[in-house]
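Features as listed in TrEMBL:
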type: DOMAIN; residues: 14-186; note: domain 'Glucose-6-phosphate dehydrogenase NAD-binding'
type: BINDING; residues: G17, G18, T19, G20, D21, L22, A23, R24, R51, K147; note: NADP(+) binding site
type: BINDING; residues: H177, K181, E215, D234, K330; note: substrate binding site
type: DOMAIN; residues: 188-479; note: domain 'Glucose-6-phosphate dehydrogenase C-terminal'
type: ACT_SITE; residues: H239; note: active site, proton acceptor
Amino acid sequence: MVSRVIPVDPFDLVIFGGTGDLARRKILPGLFRRFIAGQMPEGSRIIGAARSEHDDAEYREVARAAIEEFGGEEKKDPALQDFLGRLHYVAIDATGEGGWSQLSGLMRDGVVRAFYFSVAPSLFGPLAERLHQHRIADGDSRIVVEKPFGRDLESAKALNATLASHFDERQIYRIDHYLGKETVQNLMAIRFGNVLFEPLWNSHYVDHIQITVAETVGVGGRGAYYDKSGAMRDMVQNHLMQLLCLIAMEPPAQFEADAVRDEKLKVIRALQPVDAHHIVRGQYDAGEDSPSYRQDSENPRSFTESFVAMRVMIANWRWAGVPFYLRTGKKLKARSSEIAVVFKDLGHSMFEGDEARHRNILSIRLQPNEGIDLQVTIKEPGPGGMRLVDVPLDMTFADALGPDGEDVPDAYERLIMDVIRGNQTLFMRGDEVEAAWAWTDPIIEGWERRADVPKLYEQGTGGPEDAQMLIHRDGRRWRDIKG
Ligand code: NAD
């Protein structure tokens, strides 16, 4: 079962890095699901372009194997053969001349042209340049750029400048797959499509907000890359920052790309600098049978953080005095991502013996089981007076929306279709990315200057003890990390 179909125009999607991990794991299986859903109109093609030599038939086998390995239920769908027939391949050298005239020869007029840069960031510039030089991209073409978008403000500015010399901002789609998640968009629907929440969405009623992105995996396998990055660059600057923006932004006048992105940008610009007292870095220690971060990253003297927790304040009228607690890390207790809006306690309880400690909590789960749950207070059933209990009103999207619980498209497939439609609402604009780095850079520079040593934490926990203290000091506590 796949989601309802909104028609798109015929397209040619070129996937640079079409044989790579991301293409095999996410992009190709996602495109197949869209094909089954009828969102790949007659005449649309997918063209893999990567370094290795393949012909079309071999690339189709690469795609078939990827869908079999990483696809869900759809891999049994008889449409697979037809889908594979839409695939083509060109061997290309992103930094040289090989393959470009062949790719140019494949391009057609009258269809949407989209180019997905699913390659290492060092190749984004060379690809943009060659697409331009060989006149493969026209004024309506779109490019999709993967993360990481720079490693600091300076490199992000340089990358923006390179892309801008060949493409207009309206042609550039900087992907953050968190924004493609059903729940994240639902966050906007909940806030701006209901009368119930928005009036309470401010410092008068909200006590604090928690954003958690917890993983159980370590960095094994990509340790060399991660060690130059760390949780702050890899997760906070992009994913957590985007979630924070959607929670905190003012209502845009329309649900339209620049209106939404203008509001997100204002949030980033209103973030206060974070001092060392309000941030905790951690690194996972060796477990009984599992290696430490330093072993996984093969850097015995690494000071890179695999965990970060912080208290962030937004200096504007709506959020003055409301802490946003962010945390993300690897090798934690469970794989779980959640945004929790914790409302203030009741001012007074009329029920005898009740301590007025009941709290409404709106929790938005990104994984697992995307959904929303609202903690409300009710009477405990049964005789014997008014005893109050807090219970969740739970809406798990898979149960609520799909007859067989699978009607939620994956973030990548949704975002790719947005590219084809020319809708940039769920993509980051260049100035947003730069503003996020401008806020993150001083924090990272502070660590580097002080040669800050991350606190070791035990695997399978909620991170270092100091992260608990960070929030306990304010008389609050983290929500449990539940898988
Ligand atoms: P990968 O190393 O698995 O694949 C790289 C691809 O680039 C291959 O197809 C390779 O043939 C091609 N390539 C390399 N050098 C080339 C050249 N000179 N000319 C032409 N093609 C060349 O990488 P990946 O994991 O698929 O990641 C791709 C991008 O996506 C990176 O920017 C990465 O940061 C980002 N990303 C990946 C994931 C993931 O889950 N893998 C998640 C988020 C973001």
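Keep in mind that glycine also has a Cβ here, set from the backbone N, Cα and C atoms.
Annotated features, which come from TrEMBL, shown on the structure.
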residue : record                       : Cβ within 10 Å
G17     : NADP(+) binding site         : 23
T19     : NADP(+) binding site         : 22
D21     : NADP(+) binding site         : 13
A23     : NADP(+) binding site         : 25
R51     : NADP(+) binding site         : 18
H177    : substrate binding site       : 19
K181    : substrate binding site       : 23
D234    : substrate binding site       : 24
H239    : active site, proton acceptor : 21
K330    : substrate binding site       : 25
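Reduced to three states, the DSSP call for G17 (NADP(+) binding site) is coil. With respect to ligand 1, the binding-site residues K181, D234, K330 contribute no residue with a C-beta closer than 6 angstroms to one of its atoms. Taking the C-alpha positions, the distance from A23 (NADP(+) binding site) to H177 (substrate binding site) comes to 14 Å. For E215 (substrate binding site), the count of additional Cβ atoms within 10 Å of its Cβ stands at 20 [all protein chains shown]. When Cα-Cα distances from H177 (substrate binding site) are compared across the binding-site residues T19, D21, R51, the shortest belongs to D21. Comparing R51 (NADP(+) binding site) with D234 (substrate binding site), their Cα atoms are 26 Å apart once rounded. Per Cα geometry, H239 is the residue among the recorded positions G17, T19, D21, H239 nearest to K181 (substrate binding site). Candidates E215, D234, H239, K330 (recorded positions) were compared with G17 (NADP(+) binding site); none lies inside 10 Å Cα-Cα. When the Cα atoms are compared, D21 (NADP(+) binding site) and K330 (substrate binding site) turn out to be 20 Å apart. Spacing of the residue listed as 'active site, proton acceptor' relative to T19 (NADP(+) binding site) is 25 Å (Cα to Cα, whole number).
When the alpha carbons of E215 (substrate binding site) and T19 (NADP(+) binding site) are compared, the span between them is 26 angstrom.
Note: the CA-CA distance between T19 (NADP(+) binding site) and D234 (substrate binding site) rounds to 23 Å.
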